[in-house]
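Peer 1: Got a structure for you, written out below as structure tokens; questions coming shortly.
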Amino acid sequence: MTIQYTFSMIKPDVIKRNKIGQVNTYLENAGLKIVAQKMKFLTKYEAECFYDEHRARSFFNSLVEYITSGAVVLQVLKGEDAITLNRTIMGATNPAEAKEGTIRKDLGESIEANSIHGSDSENSAKREIKFFFSKSEIIE
């Protein structure tokens, strides 16, 4: 097993329903340590840059509009195989297809408002963490 860092973004639907603590409980109970966390409103430019890999997809504009519709919570998570572990506890992208006991099954409202984003690879994790956090913001 390898200790890894991964990125997580709690989406506006969770913040609006005051469920941040509940999401953090899922993450911590799964064995992930929150080593950085901050709340902010993403600008349209930040959202477009962050989701640039989806720019050509039909859902890009609605994704940017949704993710900028309210505050998000940005996180750096640490743990053994943190990327896979986070993806597992998040559940399938579509809450209707997610397994019972996952964040998206229990809290997700739709494919877009599915409560949480998590890095899907080591390269993505590095890029996404660097996009939002300086090294000094990550507390061991």
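In case you wondered, yes, glycine gets a Cβ from its N, Cα and C as well.
Sharing the feature lines straight out of Swiss-Prot:
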type	residues	note
ACT_SITE	HIS117	active site, pros-phosphohistidine intermediate
BINDING	LYS11, PHE59, ARG87, THR93, ARG104, ASN114	ATP binding site
Peer 1: Any idea which of the binding-site residues THR93, ASN114 has the thinnest Cβ neighbourhood at 10 Å?
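Peer 2: Lowest Cβ count within 10 Å among the binding-site residues (THR93, ASN114) is THR93.
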Peer 1: Do you know offhand how many angstrom separate ARG87 (ATP binding site) and HIS117 (active site, pros-phosphohistidine intermediate) by C-alpha?
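Peer 2: Each residue's Cα considered, ARG87 (ATP binding site) and HIS117 (active site, pros-phosphohistidine intermediate) end up 9 Å apart.
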Peer 1: I need the CA-to-CA distance for ARG104 (ATP binding site) versus the residue listed as 'active site, pros-phosphohistidine intermediate', whole Å please.
Peer 2: 10
Peer 1: Distance check, please: Cα of the residue listed as 'active site, pros-phosphohistidine intermediate' against Cα of THR93 (ATP binding site), rounded to an integer number of angstrom.
Peer 2: 9
